[in-house]
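Here's the structure, in C-alpha cells; my notes come after.
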C-alpha cells in the first residue's frame, strides 16, 4: 500500500471512530427521549449523517463489509426520516448493536485481524426485519459500475475532443465526508484539474455558486445523499435558477455509492447530467469530465451550449426535464426551508497533528522557559539588572514565553466530555443487565483537561461508575421500601477549582457503612489507629484486595480495582476523596491538575534546599506571632489563623534537613489547602513566584513520598516540587 493511501486510511479510521462516538451519543438520546417528532427528526438526521459518512469513506478503501452494513442502516434511517416506519425501542437496541459491530469490523481492518462475519450477518438480519420492504445492500459490482448509457452516447459522438488546459476548468466538489473530499481532491489534482473548490452540503454549494456569478463554475461533482440538502434537492434548486441564471445549465455529475438502475434513473429525472460510482476512480472521472465538458465546442466558455450529441435527458436540451426539476423543487421546498433553518454553523478549519509532535513542541517550550529563567538569574548575578533597556527586553521575553506556553498548552487541552460520552452506554447496558432503573446526569462536559490526563482517566471513572451501579444504586423494589424513587441517579460532573479540575461521581444509592469497613479491615488483619475519622475510614476501601460486597458478581465484588483506581489517579498527580452518608448516597471526588507539563509555583527555602509549592494549593503565607502558637501534649504545634487552629508541619523535621531557623516566629508559615483540610507548612523563607517545568521522577528513578517531581532552576540547580496532597494526608 502506498504512503498516500496509508495516510488516508489512517485518517479514515480516526474519523470513523469519531462518527461512531457521535452515532452512539445520538442513539442514546433517542433511547431516552420522549415521543417528540421534532426531536426525533433531528436525531434521525444526526445519525444518518454519521452513517452516511462512514459508508462513503469505507467504499473508497474497499471495506465492503463496513459499506454494506452502513448502507442497510442508512436505508432504514431514511425510512424513519420520511415517516415510512416508526421508531421502536427494540430498533434502538439493534442500532446500538450495529454500531458495535461497525466498530469491531473497523478494528479488524485496522489491526489486520479476523472479520466478525457472523456478527455482521446477525445484525443485518435484525435490521432488515424492521424494514417494511426488503433492503438489499449494493454489491461490489454495483459499487464499481463506471460506464453509463449517457457516457456511451457521448463517446459515440462524431465530435472530436478538443484538447484544452484542464487547469482552466472551474469545478465545485460537493461532498460532506472529509475523507472523500481529500481523496477526490487528491485524484483530481493529479489528473490536472487544479481549479477546485469544496462545499460540504447543498446549501453551501448554492451559496458558492451565487457568489461566483461573475466567474461561474463549469462543472459540479455532487454527492447524492447528504444530510443537509441532498444532491437531488440541490440539483432542483440549481435548475430553477436559485444559484443564478448562469448556473442553470451547469453540468452536474452525481457521485453515488448505489449505482443501480433505479438510482441512475432518479439522478437523470432530477436534472443531473451523469453519475459516478463511489469510490471515484481516476480514469473514470477523467473520461466523464472529458465526455461532458472538454469535448464540447466552445468549452472554454463559462456556460457551454447544448450540442447535438447531448442525450434527450440533458437539462439544457429538455423542457420536460426542467419541468420535472421545478416540480421536484416545489415538492422539496418545505423540507429545504426546514433544513436551512437547522443548518449547523460552519466548522472552523483544523488539521490533524500527532500527539508526539505536540509533546515535542511542549518540551521545547519547557526548555525555553528554563533558558529564560537562567538568563534572568545571570543578569542579576552580573549586576546588569539595573540596565533599563535590558530589563525591558527580558520582561518582554518572559511575557512572550508565557503567551507561547499558554498557546501550546491549549493545543493539548480537550473537553472532558470526550471521556464522559462513553458512560451513557455503560450505564444503560449495565443497569439493564442488573434490572435496575438508573439515570445518568452529566454536567461540566466542556471542562478542559490535558489529553494525556484524559486518556488515563477513562479506566478509573469506568470502575467507579460500575461500582455505583452494582453496589450503590439499589433495585427498584429496595428503593420503594425506603421511599426513594424507583429510578436511581448517578451524577458525573467536572468543575474548575483554582488550577485543578475536580471530577465527581455521585449516586443516590445506599451509601457506605463506615462500621462495616472497620469490621472488614480488622477481619483482614489490618492494624488501625484509634479514633479514625470517617474520611480516613473511607480511604481504607482503596487498600489492595479490600471489598465489603456481600456477594461477587460479574461486575465487581472481588476487591480488585479500587486500589488500582487510586494508583492510576496518583500516577497523574491526582487524588481521590470519598464522602458518603448511609442510606443517602456516595460521592467520589477526583482532583486533577490541568496539566502535568508546566505549572506556576512558589519557591521556598529550608536550610540550603529550595523547594517548589504549586501555587494552586497556597491559601496565604504569614509570619507567626508567639501568642498565636499553641503546643499540644502530643508534641504537635497548632497556629491560630482567623480564629481557627491549624496544625503545623515543620518541613525541616519532615525531611530531616539542617537549618538555623527552628523557631516558628523567625520563619514563614505557608497555609496549604487540599480538599477540606488545611495545614501550616513552616519554612525558612519565600524566594518568589515563578513558572516551572515539571520533570517526572518516577520515569527515571522511583516514587518519592510527598514529592511530585523536579524542575531546573535559573541557576541550573534541581529543585523538588512538593506533593501537597501527600503532605496534607501525612498529618
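A Cβ is built for glycine as well, from the same backbone N, Cα and C atoms used for every other residue.
Here TrEMBL flags 300-311 (among others) as compositional bias 'Polar residues'.
Annotated compositional bias 'Polar residues' per TrEMBL: 324-334 (among others), in sequence order.
The compositional bias 'Basic and acidic residues' annotation in TrEMBL covers 335-345.
What TrEMBL lists as domain 'HPt' is 1-109.
Under the heading domain 'CheW-like', TrEMBL lists 598-731.
With a 10 A radius on its CB, residue 223 (4-aspartylphosphate) counts 28 other CB atoms from all the protein chains. Annotation comment: TrEMBL describes 223 as 4-aspartylphosphate.
Among the features that TrEMBL reports, region 'Disordered' is placed at 300-348.
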Secondary structure of residue 223 (4-aspartylphosphate) (DSSP, helix/strand/coil): strand
Structural state census, the domain 'HPt' (1-109) (DSSP three-state): 93 helix, 0 strand, 16 coil
Confidence summary (mean pLDDT) of the domain 'HPt' (1-109): 83
Number of helical, extended and coil residues in the domain 'CheW-like' (598-731), per DSSP: 19 helix, 70 strand, 45 coil
